[in-house]
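Accompanying notes for the structure given below.
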Amino acid sequence: MLELANALKGKIKFAARGLDIGGVDLNGFIEDLFMAESKSEIASLARVHLYRGSTLFETLDGESQIDRGSLTSSLQFKIGNAAGSASVNFSVPQLAVIALFRFFFIPPESESPVHMDMHLQGYVWQPNPTWEWSLTGKGSRAGLARNAVVVWVSNAAGRDCRHHAVFQSDYTAAVGYSLALFVQISNSGPVVYQVGGWGPPYGIELRVDLLSATMLLLVGFIGIMSVIYGVYPSRRELPANMVPRFYAAFLLAFGGMLGILVSHDVFNVYVFLEVASISSYVLVAVGNDKRAVSSAFEYLIMGTVGATFYLIGIGFLYAATGTLNMGDMFTILQDIPVNRAVQAGVLCVILGLVVKAALFPFHGWMIKAYSTSPAFVAVFLSGTATKVMVYLIIRVVHNVFGPRLVFTELPFGTALLTLAAIATALTSVIAALSRDMRDVLAYSSASNIGCIILAVCINTYSGLAAAVAYMVNHSIVKSALFMVSGGIAYHFDKRKVSSKYLSLSKALPHVTSAFVLLALSLVGMPPTIGFVAKWHMLSSFMDARAFTGLVVLSVGSVCSVIYTWRVVEHLYFSSRVVENCANDIALKTPRAMTLCIWIMAFFGFIAGAYPLPLTSVSEQIAADLFFHPNNPL
């Protein structure tokens, strides 16, 4: 029976203007369905009639698909002032169901729509329903807008991704709320919330300033793009029974990163750091690549080492200051002598974050994690995980320790600058010599991280602004390039740029053309976001007379031209043709994947053509941090 269920495979699409269902005994339908012994008995359980004209249902469309014993169905309908959708996942071998039924309707003599959700989960003979409902008035219009965006994106991406609506709605909500928070903070200043009403130093404080809001928006944007992009690759790279658990880990990692960005308590940051890290280990380990488990284990070891150093450093600093609140710790550290406890605390915290950020020579775990994890996991982690750690380095340097303590009174700034310079140059050279596309992108990420930290370490206003702009650029462009890599691997399941990605420009025109645009941004050609970021980086090095920075940035840029051109050469100008692929036949890439790639590429182009929003925000962030009235330079 189990083998038969796993062998089931098929797809049904249906659409009708009218549908009439009758003769259904809802109380005994499930039992009667399993007791039926013939097709005629099944047909007698319900009478279904389709009409060309309108009946109860004004519109109805959807589809069902079964693969490896898992039945996925999606349905959308409209009845008068009501509309709804249903997403159902039914496991035939386990006889278990997970379903979401969503309804919108406007009650009579009312202008406020009502939103209702019914979640159904469990075995078919004993499902567990839960209900949620809300009146969509002024206070909940954001929720209606969120669901409207989900419906639009799902329809644009294809009906097969509608059963991911729950995950999409979570990420869309995060992006929407982050955008609203960003606008509020831009106009009114930081937002502070004291958990339980307890102020510092006793209570936990959440604080969002312009830097936090920018990172919240960036992480949320990368998150929703990763989820939509991963609808189709997840079916090939994940076992069917692992999908719900995988997305649970995905949401935990996402939530942990958001917690890091809003926390103003150094120990609370550690808690969220562990939540995000442990979930990320799971994300890397799943998938079909046999190397993923060993990569996840190495990621686990290095991540644990980094988190342990951070925690030890927090212990030393707490012993020296008696507080865990970032603002209080900053104030106290400026007034007390720099004793051994302070020195050890600063060293351990910075060392732990450097390991977590994958700065040379601690970048090995990142290369393996990005190369062996599922494609859409690499998309998500490359744009978020290490960038959140770089954010933490900026945060602790400017809001916990103070630049004077790190760069003047202690020698840690010089050591950090040296590591960043080596990382920028050396890992760029390794990327130029690599033959695997995802290895190239991973080493390129290590180089870019070094460049960002190098700009922070020159300890100038322009350097900090350039670091923020470059961080936004790298997050978007590198995630999009991993999307391109996954889009090619989706068809061929091969990644070697030297012998496999040959003459694919006609077979995959949309994917390869997006790679060219993104490669221009990675190199730093105008008018892309990469040019804006590198120009600010170059200007900051020149203003600070940091000639070492100029040299390593030049080396990194030359190497980026080499390794991106090699890929373009193989995609467009190779005389060889990839196996089993005629050069004049375009392969069909799922719309969800193509849409996400081009949204990211288009955003990078627009941000470069109209750079004022990015530059003004990054300069304002640098001004808030560098010229803070309590921040001694």
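Keep in mind that glycine also has a Cβ here, set from the backbone N, Cα and C atoms.
Note that TrEMBL annotation is computational and uncurated.
Feature list (source: TrEMBL):
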DOMAIN    263-558  domain 'NADH:quinone oxidoreductase/Mrp antiporter transmembrane'
TRANSMEM  210-232  transmembrane segment
TRANSMEM  244-263  transmembrane segment
TRANSMEM  269-287  transmembrane segment
TRANSMEM  299-321  transmembrane segment
TRANSMEM  341-362  transmembrane segment
TRANSMEM  374-394  transmembrane segment
TRANSMEM  414-433  transmembrane segment
TRANSMEM  440-461  transmembrane segment
TRANSMEM  467-490  transmembrane segment
TRANSMEM  511-532  transmembrane segment
TRANSMEM  544-565  transmembrane segment
TRANSMEM  592-610  transmembrane segment
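Between the transmembrane segment (544-565) and the stretches 299-321, 414-433, 467-490, 511-532, Cβ pairs under 8 Å are most numerous for 414-433. Only pairs six or more apart in sequence are counted, and the transmembrane segment (269-287) with the transmembrane segment (374-394) gives three or more Cβ pairs under 8 Å, enough to call it a contact. When each of 210-232, 244-263, 467-490, 511-532 is scored by its Cβ pairs under 8 Å to the transmembrane segment (440-461), the top-ranked stretch turns out to be 467-490.
A contact between the transmembrane segment (341-362) and the transmembrane segment (210-232) is absent, since fewer than 3 of their C-beta pairs, 6 or more residues apart, lie under 8 Å. Sequence-remote contacts of a segment are chain residues at least 6 beyond its ends whose Cβ falls under 8 Å from one of its Cβ atoms, and for the transmembrane segment (244-263) they are 98, 167, 170-171, 174, 204, 206-208, 212, 215-216, 219-220, 223, 227, 234, 238, 269, 271-280, 282-283, 286, 380, 384-385, 388, 391-392. Counting Cβ pairs under 8 Å that are 6 or more residues apart, the transmembrane segment (467-490) and the transmembrane segment (511-532) reach 3 or more and are in contact.
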